[in-house]
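Contents: one structure, followed by commentary.
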Amino acid sequence: MSPGRREATTPTGQPRPGRRPEPEDTPGQASAARQDPASAESAGIKSAPGRDSPEPADRPRPGREERVSYGSPPVPRAPRAGEERREEDGGEAGPSRVAGRPVAGDSGRPVAGGGVGPDDGVEDERGVRAAPALGDADRRRLLAGAHHDPHALLGAHPVRGGVLFRALRPYARSVTVAAAGLRARLRAEGDGLFSGVLPLREIPDYRLLVAYEDAELELHDPYRFLPALGELDLHLIGEGRHEELWRALGARPMTHQGVSGTRFTVWAPNALGVRLTGDFTYWDGTALPMRSLGGSGVWELFLPGVGEGALYKFEIARPDGGHSLRADPMARRTECPPATASVVHASHHDWGDDAWMAQRRGGRVHELPFSVYEVHLPSWRPGLTYRQLAEQLPAYVKDLGFTHVELMPVAEHPFGGSWGYQVTGFYAPTARLGTPDDFKYLVDALHRAGIGVIVDWVPAHFPKDAWALAEFDGRPLYEPADPLRAAHPDWGTLEFDYGRAEVRNFLVANAVYWCEEFHIDGLRVDAVASMLYLDYSREPGQWTPNAHGGRENLDAVAFLQEMNATVYRRCPGVVTIAEESTAWDGVTRATHHVGPSGFGGLGFGLKWNMGWMHDSLAYLAHEPVHRAYHHHEMTFSMVYAYSENYVLPISHDEVVHGKRALVSKMPGDWWQQRATHRAYLGFMWAHPGKQLLFMGQEFAQGAEWSEAHGPDWWLLDPSYSAEPDHRGVRDLVRDLNRTYTATPALWQRDTDPEGFSWIEGDAREDNVFAFLRFDAEGSPLLAISNFAPVVRHEYRVGTPEAVPVWREVLNTDDRAYGGSGVVNAEPLKAEPTGWHGRPASILPVLPPLGTIWLRPA
């Protein structure tokens, strides 16, 4: 679907009708006991005649819509027709507003009359003493958004002779303190500051009445609340050990000190100050500076009355004196690109996959069937949302017999042409296809169909967009300070600083987040090689060695080990998969097991076998007459097949950018291309390792893939003349998966050398390969591939003596798949003629450009 702006439609502050609010954790810091207000009479302030006392914070007034706003357009004038206020950086456009008239929200309630004056019964500053003036430095930093503790200056504070109130409300005409039996207008200090000292014994439970040119709002003062983030959270963040970081940072709707609102927190240790801005401030953050919580680098503000669906960003005061507007790195929901604001989110999804999750906890992927269908969601069926995909994708994948889907990155990314591999919103599923709960719905549907879900996860780098992570608080933060380590030379992106505990924590917690919050069954980690080597794609002099003078990125090694150990400890049954293209030792070895290189294993569960993929495709690209000279390209993989736990990938990377689709890589005419395509799939499914096939290749699509060109479904239209050719390949894939799943010999001992044995690996002149696979009980499957375009009658193949009769269980040349129909219809009896070093042999017919599977009869 075409990216576009999506307006938030969720009402703020209150759950939607018929939906239960998200359960919230109790804040880690105890709330202060609410103090009883002093009476108006004892305070010397008159009550408002003819007006009831302000109602409790959480009770709406009868007949009034609950709304809140924390700002007003900076220039109070009549709006031009169709005018919208936009952020200074050219990002989100807020809803159209009438200048000077605040609207929208929960606890800020319009007050009749449009202002406060003597007729309202307020003493009009009589009885309100002038507050001590702010110091010049405090005032300057507060107004510049560069104060570390605005709560010390704003809100209510006991002082000699009463309680001092101070509010920062730019563009307001007046600000009045309202409590039970009390209404007192504060004095204007200029620059949007209002203050006064009221002769009260205690701080009351108060609200602010903020009057603008033609409206007045009643709302809670954000600066009367204690921090909504506890000391334990701050300690764990500082240590880089907060495994549920998403519960501590970002925007979290909650009830704090008895008031509903949202806690906003952000880690920005180099910032001079941080202000909160959003559609609830008309994208002017002047009135909402955040406080720094000790030395943690975390800034916090609890904002009453703002809830789900609100758009927000953080305005960072940089060390150089400038300001930048940033999306929340921890946002759990975002606007739809190209808009870039973060969205307040609380989940309301009720999971229905309990049976799947219970089964997952007891599984061991290395000893189970594992065949993967790789999908790029936006282009699989262009235009479908997550929920619409949930109605089609599970049924399609289940029909084909795949055990898992692998989704190309779903985390939010600004550029669709990156396919999701340049992430800015690591904690938010892309809004292009719907909300986070919509994505949960899709995962839930796949699980209920018995299909596991793997997602591509990209902790190797991030883009340089000025509104995202790059120099987030004015200095390198998520990226290394060393420019030779920060900039990725291939992709124009920045690499993460894996040596910084908080950055490592951001990524480790993110891996856990996807597995726990979205029930993801596996993470395929992209571009691992670029993380492991400091000189990756760099010339001499363009990289900085490690502490020992070497090229290994020791910080990245430690990060990957920590990530894998944490995920496997917290999420039993989840698998992590490395896309690692070098010979790094121990990618799938346990982290505590030190290998010959002196490193512990990285701890991944599986690794893509890029060598097998490159070699086998290179072999098939040759004309059959020349394949004899490249025979080793099909057999070399078995030399190292058990050095790691492998996946055999035919992924998106192999069918783009001029590489051609899988069937189009094959030489010969259309019949030979399809036959070789089918024979290769039969060889691949029988080879040790798990399988992965990219969408479109299951029905021999001839065109390359791009994000703008998904599968050519019209090839399967019965009205298309070549439809049987494509449908036949898809039927083969279905039968490959079904036979594979039903045959333990093909998956039970993938990581055990005793589960494989060559019968004939050197028949280079014949282009023939034959091998045995064994299950845990020793029961075999015999696979024979003939990559020559000739029929080989009575081709003698050695067999184990223990199997007297074999039967063909799959033949890629079957007419049902579009082949020529050269099959072994009758059982094959073993003869006592030794062959290929075996005591017995059989005489099957080998189809041209075909693969056959045989089982004991």
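Just so you know, glycine gets a Cβ as well, placed from its N, Cα and C.
As given in TrEMBL:
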type	residues	note
ACT_SITE	D526	active site, nucleophile
ACT_SITE	E579	active site, proton donor
COMPBIAS	52-68	compositional bias 'Basic and acidic residues'
DOMAIN	374-734	domain 'Glycosyl hydrolase family 13 catalytic'
REGION	1-126	region 'Disordered'
Practice task
May I ask for the distance between the residue listed as 'active site, nucleophile' and E579 (active site, proton donor), taken between their Cα atoms and rounded to an integer number of Å?
Solution key: 5
Exercise for the section: Write out the long-range same-chain contacts of the residue listed as 'active site, proton donor', meaning residues 6 or more apart in sequence whose Cβ is under 8 Å from its Cβ. Expected result: R524, V525, D526, A527, V528, W608, M610
Fill in the blank from the handout: Here the 10 Å Cβ neighbour count for D526 (active site, nucleophile) comes out at 21
Completion exercise
In the three-state DSSP scheme, the residue listed as 'active site, nucleophile' belongs to coil
